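Annotated in TrEMBL:
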| type | residues | note |
| --- | --- | --- |
| DOMAIN | 4-40 | domain 'MYND-type' |
| REGION | 39-91 | region 'Disordered' |
| COMPBIAS | 69-91 | compositional bias 'Polar residues' |
């Protein structure tokens, strides 16, 4: 059984970004996003065969791990500002 990374209840949903974070509802997934987005995509092994060998962690340690890493740099999608490609721009 997997535990929700936000509240600790039985998790039925998995984050589609990393396939590691587990949530009991979309509400809890949204509530945890501020903490989880900083590690999403970096927390798990890169291949699906490696992911299958990862043992599930309990909710407190998983949630704690995500929050510990929330202050570290991340590979957040779309972190680069859009560039101006209009005529006359220097980009």
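Any Cβ shown, glycine's included, is placed from N, Cα and C.
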Per-state residue totals over the domain 'MYND-type' (4-40) - DSSP helix, strand, coil: 11 helix, 5 strand, 21 coil
Stretch-averaged pLDDT - the domain 'MYND-type' (4-40): 94
